[in-house]
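The feature signal peptide is assigned by TrEMBL to 1-31. Positions annotated as transmembrane segment by TrEMBL: 55-78, 98-115, 121-139, 151-170, 182-202.
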Amino acid sequence: MNIFRLAGDMTHLASVLVLLLKIHTIKSCAGISLKTQELYALVFATRYLDLFTRHISLYNTLMKVIFLGSSFSIVWYIRRHKIVRRSYDKDYDTFRHYFLIIPCLLLALVINEKFTFREVMWAFSLYLEAVAIIPQLVLLQRTRNIDNLTVQYVFLLGAYRALYILNWIYRYFTQPHYVHWISWISGLVQTLLYADFFYYYFQSWKNNVKLELPA
């Protein structure tokens, strides 16, 4: 554990709390992509297959439970909650996310650290997480009307991955033989996908205007 890893985890946790705050207090999921949330639920379900068989630390186990539980609860709220689901932007959230799932699975079968079920699923979760934000970004471009909580949620998600890159750089120079190409490349791709959003986010912050993404 180092300061960059801890900051990344806390930023990721903050993004989940912001989204849950939006859903619970406002009873709205407007501007939130169900497709992205379903992809994240799949990411955590395939990444944490060792939840009950491998214990690293209480902190590690707690974070796994939080991310698993929160991702599936968010999907449930958007799909089933009688009030929240009314605000879902179904007509705009039309990105075909299975076009992301299938290539990531095929890539995981070919490029992995070890050809075992758990390692293939681990690689799949990394590849899928790298692109899971795409339906959300597409939805924001289509709706144009973006509320502050949604903006902060997406920003925190991007910041979490950027902090993890700093964590990997730190560990590379402080830990011998620390090399994880799959995590590094997936994380870099994921961060680059946020580049356009970050640019317009900081422009809106600097000019004190509401964020609008170009169509």
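Please read every residue number as a count from 1 along the shown chain.
In case you wondered, yes, glycine gets a Cβ from its N, Cα and C as well.
Just so it is clear, the model here is predicted, and its values are computed rather than measured.
By the Cβ criterion (distance under 8 Å, sequence gap of 6 or more), the transmembrane segment (121-139) is not counted as touching the transmembrane segment (55-78), fewer than 3 such pairs being found. Pairs of Cβ atoms less than 8 Å apart link the transmembrane segment (151-170) most often to 182-202, out of 55-78, 98-115, 182-202. Sequence-distant contacts of the transmembrane segment (55-78) (same chain, six or more residues past either end, CB-CB distance under 8 Å): 1, 9, 12-13, 16, 19-20, 23, 29, 32, 34, 37-38, 40-41, 43-45, 48, 84-85, 88.
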